[in-house]
Amino acid sequence: MTLIAAHHLAVRRGRDEILSDVSLSVAPREIVTIVGPNGSGKSTLLRALLGILPAAAGRVSRRPGLRIGYVPQRLQVDGTLPLTAARFLSLPRRRAPAEVAAALERVGVPEVADRQLADLSGGQFQRVLLARALLTEPELLMLDEPTQGLDQPGEAAFYRLIEEVRSTTGAAILMVSHDLHVVMAASDRVICLNRHVCCEGTPRVVSNAPEYRALFGHGTQGALALYRHEHDHDHTHDHSHHA
């Protein structure tokens, strides 16, 4: 069963075609990562799937009643506003303190509840955004470059957290990666986008695809770098595609 799909989707901005003939789908519990150069339409694709941007051609289909959690690429917060993390999670819908505390605990930052958003580190703020998205109990979690601005340990830790979210909640993940050569080892599929779908498949298949190499060069021997980590639990998905 498909949760969300694009069918020959095109998106235009004025006379410019940002996306052309894009088709993709996300199944339950699947982790799909979208990579592409700057200006390739990655963020536009997420916004079109969410219904924020209209389709110039083609269409988007969603399973009826699908609950989606969204972590945007950038969220500017006025540093002069007194807004704690706990209060932020209660906007616009008021949440019980216990619910807010549980959400922050779930993403590993229970200590930031009473801290001002402006005082949080980049990694802490991204986790607060994730906590907010998870409050809707999403069946599909959409993340737009969620690790941008994080250092490598912070990036790896956030990816581990995303895997844990999928494992514990069963949510599917559709994520845009800002780093052309870094993709989660847990990704079931990688979609290479440059205004259209250049290629897609497992991380290993995409890293060896001529379309990927033509776009991004050989970089780290032309291969996508895959974050790996030791597991003390079983996943139902296959990790055998580690590079």
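Keep in mind that glycine also has a Cβ here, set from the backbone N, Cα and C atoms.
As recorded in Swiss-Prot, the features of this protein are as follows:
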BINDING   Gly36, Pro37, Asn38, Gly39, Ser40, Gly41, Lys42, Ser43  ATP binding site
DOMAIN    4-219  domain 'ABC transporter'
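The structure, with features from Swiss-Prot marked on it.
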residue: Asn38; record: ATP binding site; Cβ contacts under 8 Å, 6 or more apart: none
residue: Gly39; record: ATP binding site; Cβ contacts under 8 Å, 6 or more apart: none
residue: Ser40; record: ATP binding site; Cβ contacts under 8 Å, 6 or more apart: Leu193, Asn194, Arg195
residue: Gly41; record: ATP binding site; Cβ contacts under 8 Å, 6 or more apart: Val11, Ile18, Leu19, Val22, Leu193, Asn194, Arg195
residue: Lys42; record: ATP binding site; Cβ contacts under 8 Å, 6 or more apart: Ile34, Val35, Gly36, Asp144, Glu145, Val176, Leu193
residue: Ser43; record: ATP binding site; Cβ contacts under 8 Å, 6 or more apart: Gln73, Asp144, Glu145, Val176
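Around Pro37 (ATP binding site), a 10 Å sphere centred on its CB holds 14 further CB atoms from the protein chains shown. DSSP assigns Lys42 (ATP binding site) to a helix in the three-state reduction. DSSP assigns Pro37 (ATP binding site) to coil, not to a helix or a strand. Of all the Cβ atoms in the protein chains shown, 23 others lie within 10 Å of the Cβ of Gly36 (ATP binding site).
Residues belonging to the domain 'ABC transporter' (4-219) score a mean pLDDT of 91 in the model.
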